[in-house]
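What TrEMBL says about this protein:
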- 2-81: domain 'Trans-2-enoyl-CoA reductase-like NAD(P)H binding' (DOMAIN)
- 48-53, 75-76, 112-113, 141-142, Lys246, 275-277: NAD(+) binding site (BINDING)
- Glu76: site 'Plays an important role in discriminating NADH against NADPH' (SITE)
- 84-319: domain 'Trans-2-enoyl-CoA reductase catalytic' (DOMAIN)
- Tyr227: substrate binding site (BINDING)
- Tyr237: active site, proton donor (ACT_SITE)
- 326-389: domain 'Enoyl reductase FAD binding' (DOMAIN)
Amino acid sequence: MIIKPEISGVIARSAHPLGCENAILQQIEYVKNSDQIRQGPKRVLIVGASSGFGLAARIALTFGGAQADTIGVSFEHGPSEKGVGSAGFYNDLYFKKHAELAGRHAINIQADAFSAQTKQDVIEAIETYFEGEVDLVIYSVASGVRPNYQTGERWRSAIKPIGESVSGASISLEKDQWIESVLEPASDDEIEGTLKVMGGDDWEAWIDALINAESIAKGCKTVAFSYIGPELTHPIYLDGTLGRAKVDLHQTSHSLNLKLANFNGGAYASVCKALVTKASVFIPGLTPYLMALYRVMKEQGTHEGCIEQMQRLFSTKLYGVTKVPVDGERLIRVDDLELDPDTQLKVSQLIATMNADNFSTVGDYEGLKREFMQLNGFDFDNIDYNADIELDQLIKSLS
Ligand code: NAI
């Protein structure tokens, strides 16, 4: 079959397997040629491993100096009558292929991270492949829902402001169109739902399950990813439902840090840069900021993607250092380049002039859209998109 891009709004409905492999190969190439991760972990569990920061972390830790074996948990779907499946489904398969070619273990568990059964399955995989212990646990789940296995209901995250309504623009990546919107403040249920889905609760449940199963190695670390951003984005992010969940995540990092101190380890929240991922294009009002940020940081030569962020995190902050560098709130900061005052001044000046008619020239819409397409395996110059793909055969050859 010939696989074409299909986008509805900001959601990709198709993915190109060969492009997904290409994206992984590019990231492998990048980390091989970067400052290496020294004294890194050898047995790593990544919850949320199939795209964005989690996938980049997996690539950095396997190919960027640590030579880690990995277990990756993700929630993806393969081909069905509905379509070819998600990019993350192919990312898992291709990551495994290249990790194994390099002599590393790469175990994929595609299942709901929030369930106790998945935690149990992972603990069994740790027994089988990691001699019973992990050295690092990365929690990188971004989801809109979390089943409540006790009641059979679901918590839903709602990306909304708290207290007051906020107006902002989103971009339809399907129609290349600027859409003005007003977001009404979240209800108490929506605040609570977002906290349950995106806060620290499940991260803590993972670490507790691993401690109870005696699967935590001496010196084990854990890290989850957060965002703070400049004042400009606070009404929709930091002061909104997602920000509330991130504050909860930060607090969880402190309680987990106490628990892991018993193993001479530590727990951290790492504040990352705003980037185009499957999850972030969903955040209403954030896209104009992303377009301006991309333009300014590319001009200044400071732009980083997920892979640059992760390689920097592991090689300069978490490993090969005598003490993990943190700020006054015990957060690791890899959002330093984004928050540089000169960068932010230029970004706010650009945003002030951006509107429905000029956003694609004032901001880096082209770069943002290309990155979005590439997340799903499209828009690579070296891939023949007219080639016939035998999906069943391809998947069989990778499984
Ligand atoms: P992403 O959408 O690219 O990746 C999310 C991952 O979570 C995927 O591997 C997906 O399969 C997995 N996942 C989703 N639901 C799951 C479930 N029920 N069970 C198992 N796995 C599941 O998202 P991204 O952007 O990499 O986000 C990861 C973390 O980084 C989030 O906590 C996000 O808030 C944070 N972050 C993102 C920033 C951005 O600009 N993209 C900036 C700073 C932090």
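Cβ coordinates come from backbone N, Cα and C, glycine included.
Predicted automatically and left uncurated, TrEMBL annotations should be read as such.
Among the binding-site residues Ser50, Phe75, Val141, Val276, residues whose Cβ is positioned under 6 Å from ligand 1 are identified as Ser50, Phe75, Val141. Take the recorded positions Phe75, Tyr227, Tyr237: by the count of other Cβ atoms within 10 Å of each Cβ, the lowest one is Phe75. When the CA atoms are compared, no recorded positions among the candidates Gly48, Gly52, Glu76, Asp112 lie within 10 A of Tyr237 (active site, proton donor). In this structure, the recorded positions under consideration are Glu76, Asp112, and the one with the smallest number of other Cβ atoms within 10 Å of its Cβ is Asp112. Residue counts for the domain 'Trans-2-enoyl-CoA reductase-like NAD(P)H binding' (2-81) under DSSP, helix first, then strand, then coil, are 28 helix, 16 strand, 36 coil. Note: the Cα of Val141 (NAD(+) binding site) and the Cα of the residue listed as 'substrate binding site' are spaced 14 Å from each other. Using DSSP to sort the residues of the domain 'Enoyl reductase FAD binding' (326-389) gives these counts of helix, strand and coil: 28 helix, 2 strand, 34 coil.
Within the same chain, residues at least 6 positions away in sequence whose Cβ sits under 8 Å from that of Gly52 (NAD(+) binding site) are Ser140, Ala142, Leu275, Thr277, Lys278, Ala279, Cys306. With a cut-off of 8 Å between CB atoms and residues at least 6 apart in sequence, the same chain places Met198, Gly199, Ser226, Tyr227, Ile228, Leu238, Ala269 near Lys246 (NAD(+) binding site), listed in sequence order.
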